[in-house]
Amino acid sequence: MPKLLRFDEEARRSLEKGVNKVADAVRITLGPKGRNVVIEKSWGSPTITNDGVSIAKEIELEDKFENLGAQLVKEVASKTNDVAGDGTTTATVLAQSMIREGLKNVAAGSNPILLKRGIDKATEKAAKYIKDKAKKLSGREDIAHVAAISANSSEIGDLIAEAMDKVGEDGVITVEDSKTLETYVEFTEGMQFDRGYISPYFVTDAEKMEVELKEPFILITDKKLSAVKPLIPVLEKVAQTGKPILVIAEDVEGEALTTLVLNKLKGTLSACAVKAPGFGDRRKAMLQDIAILTGGTVISDELGINLEDVAIEDLGRADIVRVKKDDTIIIGGKGNPEEIKKRIAQIKSQIEQTTSEYEKETLQERMAKLAGGVAVIKVGAATETELKEKKHRIEDALSATRAAVEEGIVPGGGVTLIRSRKAVEDVLKELDGDEKVGAMIVYKALEAPIRQIAENAGYDGAVIIEKILASKEESYGFDALKGEYTDMFKAGIIDPAKVTRSALQNAASIAGMLLTTEVLVVEKPEEKKEAAPAMPPEY
């Protein structure tokens, strides 16, 4: 395939044009008065959004050289979104400002490598400033504020705060479509897994077709149970206590199943059998989770424990177990809280190490079940277009809230970025030549988000920046929604520190790469050949 090449200044100008086209489409969405963008879809209704990364992802330019610049900005937005879940528009605005200033200096004869070095040094100091100024979340109200700002809706903020309140920081919160127009939170407490009773004869509530066992003993094994002889000693021990038993095994069949069913029907021993959740190694891990949650032991040949030797202490305990046709819920497991914490920490470190998204989701789900439950935010809307947009905002707000829990919060509205210029001023004193010019590029870019927020709300950015910098209060800023100056923390205008920091670092990374680019290589478009003339009709 033949290639087209473009060099030096011409190459960088093409990249800049592509960057500007994407950034101009994205930056109008910044802040509480940001505008919407309507995106055509090849099928179905168009999407209306003010989410930076969604807009950037949709843009593909006709000019192949310009498109390379557009792809670089997309990279800034999606990388920030992947790491922090929000801040994509801020990252794009910062990147555009750095690239514009940087290219001016390269055209004037500055050394791009030294400029990049200056940009990196200034960014490092500003990012450290942001991290140091972060304040830990102090409760439900802070969580609601962070989520409300990300989603641009206090109603969504309250929903996310309610969900986090119920499941804790490590809990799983999922977003699903609601069957009504309402948006609400549904909560499932305890550990739930998708395996139901093996036989309907175990049912204790015929109306609901479910089994409810109060304060049961729980036998957990990875074996297939078919013979009854190995089971008899443990069943006799449980029968003497007068409590019910739940058997979780690879499978229960034949004599073993018949014995459990007959004991249940005769009223000798209330029992229920379910298959173990998952497959292969995942099954082993989930059985171990259940054992730790309930304070039991997994009866396994690998551990050298035989069913005949099982003591009552090897069985798990819980307050209530509910078993339906397709799922089982264990509520109030009696496991050692310290052991449960250790297991959660172990799963957390596995999440950090894994690169597979599917694996990550599965591990998070396991962690949530150990932590005590799953919250589902059911999203309702009048039209499909509104539903898609609302769902997307909630998912974004959830990610931003998790980022805030992780690294803390800083004053929002671009205030922290402009205040971080103090840290860059210290770097400027140490540098000279083109490195100093590079640091100055970052210094100027740090005011771009606040300027854009003001302009989107119909105010003069320069006037607002001057007024904010005149105040010594670090959290003093401009509330663009109400059009007044205020303490950002008190007004609840806060951003997760991780979002602000990631936006700056990703913008600087792409700007540095673009400034040091000398050559562009793209595929030459194929020339469309004229179609052959139609055959003359036959007579």
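From the backbone N, Cα and C atoms, a Cβ is placed for every residue, glycine too.
Among the features that Swiss-Prot reports, ATP binding site is placed at Thr29, Leu30, Gly31, Pro32, Asp86, Gly87, Thr88, Thr89, Thr90, Gly413, Asp479, Ala480, Leu481, Asp495, with the record citing sequence analysis.
Features per Swiss-Prot, on structure.
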{"residue": "Thr29", "record": "ATP binding site", "contacts (Cβ under 8 Å, 6+ apart)": "Arg35, Asn36, Val37, Thr49, Asn50, Asp51, Gly52, Ile55, Thr89, Asn456"}
{"residue": "Gly31", "record": "ATP binding site", "contacts (Cβ under 8 Å, 6+ apart)": "Gly413, Gln452, Ile453, Ala454, Asn456, Ala457, Ala480"}
{"residue": "Asp86", "record": "ATP binding site", "contacts (Cβ under 8 Å, 6+ apart)": "Thr80, Ser150, Asp396, Ala397, Ser399, Ala400, Ala403, Pro496, Val499"}
{"residue": "Thr88", "record": "ATP binding site", "contacts (Cβ under 8 Å, 6+ apart)": "Val26, Asp51, Gly52, Val53, Ala56, Val76, Ala77, Ser78, Thr80, Asn81, Ala503"}
{"residue": "Thr90", "record": "ATP binding site", "contacts (Cβ under 8 Å, 6+ apart)": "Leu30, Gly52, Thr80, Gly414, Leu417, Pro449, Val499, Thr500, Ala503"}
{"residue": "Asp479", "record": "ATP binding site", "contacts (Cβ under 8 Å, 6+ apart)": "Gly413, Tyr485, Thr486, Met488, Ala491, Ile493"}
{"residue": "Leu481", "record": "ATP binding site", "contacts (Cβ under 8 Å, 6+ apart)": "Pro32, Lys33, Ala457"}
Longest CA-CA distance among Thr29, Leu30, Gly31, Pro32, Asp86, Gly87, Thr88, Thr89, Thr90, Gly413, Asp479, Ala480, Leu481, Asp495, per record bound to ATP, angstrom:
20
